[in-house]
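Scroll down for the structure; my scribbles are underneath it.
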Amino acid sequence: MAAPLRLKPLSRVAVSGGTHGNEMSGIYLAKHWLRDPRELQRSSFTITPFLSNLRAIEKCVRYVGQDLNRSFTTEFLSSVKAENEPYELNLAREINQTYGPKGSAQAFDFMFDLHNTTANMGTCLIVDSEENLLSMHMCHYIQTHYRLSPCPIYLYKSPDEEPYTIYSVAKAGLALELGPQAQGVVRADLFAQMRALIACGLDFIELFNKGTVFPAFEIEVYKFTGIVDYPRYPDGEISAMVHPKLQDKDFHPLNPGDPIFQTFSGEEVLYEGNVTIYPAFINEAAYYEKQIAFVKLEKHIFSIPSLQRE
Amino acid sequence: MTSCYVVHEAPVRRVAIFGGTHGNELSGVFLVKHWQENGAEIQRTSLEVKPFITNPRAVKKCTRYIDCDLNRVFDSDNLGMQVMDNIPYEVRRAQEINHIFGPKDSDDAYDLIFDLHNTTSNMGGTLILENSRNNFIIQMFHYIKNALTPNSCPVFLIEHPNLKYATTRSIAKHPIGVEVGPQPQGVLRADILDKMRKIIKHGLDFVHIFNEGKEFPPCTIEVYKIMEKVDFPRNKNDEITAVIHPSLQDQDWQPLNNGDPIFLTIDGETITYEGDSTVYPTFVNEAAYYEKKQAFVKTVKIKLTAKGIRSSFS
């Protein structure tokens, strides 16, 4: 059994809405909390809601110049301001100044980031890797206390990749990915789910700060292993759609030989991998341009040591 | 033979299928592109069918429009606007489309245009009718509805003194809107594409059978007639303060009665529908209508009867 983990209490927590300007649950929540933050407040830490990409929110688009949530690498954050650079590059530096700097002692202790997807991912929790033990404990707490739907845990980071998301400027973080919801639409059901998940995450921090001992546990997670692009014509245009049998089946097992695409003439394209995988982000609108039809995940079980305040 | 109830209608020889009038409604975009490469399934011997992408720049950017909504500018002001440098892209494009498929209200105009749309609302496969007295289209919709049974195929009548808008398809003698949902913008779903494809198949079959001389007896269909648009509740800064209530979300075409919930405020308060009569909401929570200040549209159910029809030359 791994040694118990002891961490300093968290004093500054942030929650970002509108990192993508057309994912409406977080935008409406953050706007509401900026007007009236009472429901976020707990006694042992401060919480700062903010709208991260105002220009994209204004235009109801994912981003203006480049994807903000891919802009928090050291390379981007340390770049020198240039005249024709994408809007989000400077925005990332500003956010890093306010809530980071990334990797420094002054950085915020924790950041939540609120997202929606057009894929049927339910109430998904996204963490960079299982090495982030505080976030893993929060996910476990949410899974055991938020009972309305299962909360699959998605670990997005490849082993030698640097974290690039907005919450990587804080010392730890968690993204909520709720779907299905069309871009530009706010649905009452997902709005309520996201609100309840944040309340649950904040309760966890409060308990941790007050000295609660969180015992060790084993937890099932889905870990990113790769992507699958759409079949395409030579000119780059997609030549097939996600197969009806795969559509909406995020986190369901996909076996070699299962259909994954259907061409416009009705032919099936089958999955040719060697092992069972678990697809997610199936038919996400924003990923057509990233050449991703779905991501491939592997199921793992990790042992997480107990956690207590220092 | 009840020939005294039968009117003779001109044959329908020139048909266009429009996709990409809104560039992020992908079923029509991909069907039309597919048919441009491989059109066998839309060919019928008695007519010519031209698949056409109406807003290629919006399609390329995967956005509804570039400067303004193409599906609102086919009125005489915009179609007659002098071409200058600062003319909105879609107005220029509307004039080009009118030149190819119109001119609107002239004898040279195309006989029939199907315009393919998607919505984020749960409207199923909906047919849109612009004119309650168009015998030919009502007969076609009757045929399509029967062919699709037991699946439902609602008909939405947008005839209204203020609410009717100048659609792209309106340049044809017989304008037909096809609206299939729910599908997010920028997403292509196989099930939604299939619904749209079947509607077009049966629509073209009808035109062909009509051209071949079949007589269609008088018929009656149920349609939902547009009555009023309903906006979201807003504060003094014009920001939305309540969302579509969970019990109205996804309930397009279902009866809404006095006292039924329609909105839920951020603070959890329910706002109910107040009205004397039952209405049938549609376009519930359509993404593109937030900027048009429209949360849903109220319709009423009415019946339309078409005279019997027969092609004037067979």
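Backbone N, Cα and C atoms are what each Cβ position is placed from, and that goes for glycine too.
No curator has checked TrEMBL annotations; they are predicted automatically.
Copied from TrEMBL, the annotated features are:
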type: DOMAIN; residues: B:12-206; note: domain 'Succinylglutamate desuccinylase/Aspartoacylase catalytic'
type: BINDING; residues: B:HIS22, B:GLU25, B:HIS117; note: Zn(2+) binding site
type: BINDING; residues: B:ARG64, B:GLU179, B:TYR289; note: N-acetyl-L-aspartate binding site
type: BINDING; residues: B:ASN71, B:ARG72, B:TYR165, B:ALA166, B:THR167, B:THR168, B:ARG169; note: substrate binding site
type: ACT_SITE; residues: B:GLU179; note: active site, proton donor/acceptor
type: DOMAIN; residues: B:220-299; note: domain 'AstE/AspA barrel-sandwich hybrid'
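For the pair B:TYR165 (substrate binding site) and B:TYR289 (N-acetyl-L-aspartate binding site), the Cα-Cα distance reads 14 Å. For the domain 'AstE/AspA barrel-sandwich hybrid' (B:220-299), the predicted model reports an average pLDDT of 97. Distances between the Cα of B:THR168 (substrate binding site) and those of the binding-site residues B:GLU25, B:ARG64, B:HIS117, B:GLU179, B:TYR289 are shortest for B:HIS117. A Cα-Cα distance of 14 Å separates B:ALA166 (substrate binding site) from B:HIS22 (Zn(2+) binding site).
Here B:HIS22 (Zn(2+) binding site) is positioned 13 angstrom away from B:TYR289 (N-acetyl-L-aspartate binding site), judged by their C-alpha atoms. When the binding-site residues B:ASN71, B:THR167, B:GLU179 are compared by Cα distance to B:HIS117 (Zn(2+) binding site), the shortest distance belongs to B:GLU179. For the binding-site residues listed here (B:ARG64, B:HIS117, B:ARG169), the lowest count of other CB atoms within 10 A around the CB belongs to B:ARG64. A simple Cβ count within 10 Å picks out one of the binding-site residues B:HIS22, B:ARG72 as the most packed, and that one is B:HIS22. The sparsest Cβ neighbourhood within 10 Å, among the listed binding-site residues (B:GLU25, B:GLU179), is found at B:GLU179. Looking at B:ARG72 (substrate binding site) and B:HIS22 (Zn(2+) binding site), their Cα atoms lie 11 Å from each other. Here the Cα atom of B:ARG169 (substrate binding site) is found 13 Å from that of B:HIS22 (Zn(2+) binding site).
Between the CA atoms of B:HIS22 (Zn(2+) binding site) and B:ARG64 (N-acetyl-L-aspartate binding site) there is a gap of 4 Å.
Of the chain residues outside the substrate site list B:ASN71, B:ARG72, B:TYR165, B:ALA166, B:THR167, B:THR168, B:ARG169, B:THR21, B:ASP69, B:LEU70, B:VAL73, B:PHE74, B:ASP115, B:SER170 have their Cβ within 8 Å of the site's Cβ mean position. Under the three-state DSSP scheme, B:HIS117 (Zn(2+) binding site) falls in the strand class. Around B:ASN71 (substrate binding site), the same-chain residues at least 6 positions away in sequence with a Cβ under 8 Å from its Cβ are B:THR21, B:HIS22, B:ASP115, B:TYR165, B:THR167, B:THR168. Packing around B:TYR165 (substrate binding site) is summarised by its Cβ count: 15 other Cβ atoms lie within 10 angstroms of its Cβ, all protein chains included. The DSSP secondary structure for B:HIS22 (Zn(2+) binding site) is coil.
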